[in-house]
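Per Swiss-Prot, the features are as follows:
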type	residues	note
TRANSMEM	8-28	transmembrane segment
TRANSMEM	44-64	transmembrane segment
TRANSMEM	78-98	transmembrane segment
TRANSMEM	148-168	transmembrane segment
TRANSMEM	173-193	transmembrane segment
TRANSMEM	222-242	transmembrane segment
TRANSMEM	297-317	transmembrane segment
TRANSMEM	355-375	transmembrane segment
Amino acid sequence: MKKPIHKVLYVQVIVAIIIGIGLGHFYPDLAVDMKPLGDGFIKLIKMVIGPIIFCTVVTGIAGMEDMKKVGRVGGKALLYFEIVSTFALVLGLIATHVLKPGVGFNIDPATLDGKAVASYAAKAHGQTTVDFLMHIIPDTLVSAFAQGEILQILLIALLFGAVLATAGEKGKVVTGFIDGLSHVLFGIVRIITKLAPIGAFGAMAFTIGKYGIGSLLPMLKLIGTFYLTSVVFVVVVLGIIARAVGFNILRFVAYIKEEMLIVLGTSSSEAALPQLMLKLERLGCSRSVVGLVVPTGYSFNLDGTNIYMTMAVLFIAQATNTDLTWTQQLTLLAVTMLTSKGASGVTGAGFITLAATLAVVPTIPLSGMVLILGIDRFMSECRALTNIVGNGVATVVVSAWEKELDRSKLNAALRGDVAIKEPAGV
């Protein structure tokens, strides 16, 4: 028996987003005060992300008979991430050259006030590649969870799971406890997810109330170019990959529509991480692959952020009439491939990563970031949506590559004609 339409989550989220836009447009002062609703929802989700990743990865690895499989799955995932990320970067480069969203602005960099982006630049300068790698190692076991550092938690879970896999019967007792804990955590997620419409309303009302729909008008060409390129990437690039694996990308997008609407409302792909992991297990992906690929992808497979990075940098170059040679543009791609690894699923992280890229490519004025500061919040939604679809597809691909994809579940779930039971441990 189907739920009444007013009780369906994605319908509630859509209505909440529309109401949020209306409140932000007509009552901006009141709408800005709704910010705690969005922030509170994201904090509730982030509260359980670390423990869920830990439990999922530990039980997945502990259940693997061959520990070489962990390295194999991780290696395949990273290879896939780098290949697809390169496609995203190149597509952003090509689209900006073809559509030229920055041509005609003729802005003198000397007239730009860089104070507005000084804080982002400071954060960007504060971390090198070595710092990023060292940051993966937590100061203590507790600090990783306390600070919600996904990569640090993933490292702890990998070590924990590897030890449990070789600990015999004693290890099985601990694994059983952690598996039981995951039941509780996903139960908490189900409760929190019911609050998604409130969070989406608060975040959208704040965004429109603070920045206003009118702030979009001068930059509509850049926004349109970015959204169009992201759609092309999902439909064409990810569509071809999905077809090669044996599923339809549009049906996959429809399957995760609730998670995408949560992301749309909050502008944070992390807000839907627990639900995405649950949906992918229901889709037929093995729990061990989901546990390894999804958390890793949130730092290493940010397709939307990659498109945004090359497009934003070239837009600033076009707007300030800064000529770039092809060598400089190829260097830009290489630099972006590295700096984008530091972007997480948190709102605004992409802008900090952009500052890091411009800091390494001094030909383009860093003060040019001021041009897109006002609209970055509106582009954040598209970045997050593309990221979540990319990570979902990556998980299905790696599962199929490992021959751990249940095709019957996949086909039934995407058709929507069979009620899929929740996977074990959920």
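Every residue, even glycine, has its Cβ placed from backbone N, Cα and C.
Taking residue pairs at least 6 apart in sequence, the transmembrane segment (8-28) and the transmembrane segment (297-317) share fewer than three C-beta contacts under 8 angstroms. Nonlocal intrachain contacts for the transmembrane segment (44-64), taken as residues 6+ away from its ends with a CB within less than 8 angstroms of a stretch CB, comprise 70, 144-145, 148-150, 153-154, 156-158, 160-162, 164-165, 171, 175, 178-179, 181-182, 185-186, 188-189, 192, 195, 270-274, 277, 286-292, 295, 425. Scored on C-beta pairs under 8 angstroms, the neighbour of the transmembrane segment (355-375) with the top count among 8-28, 78-98, 173-193, 222-242 is 222-242.
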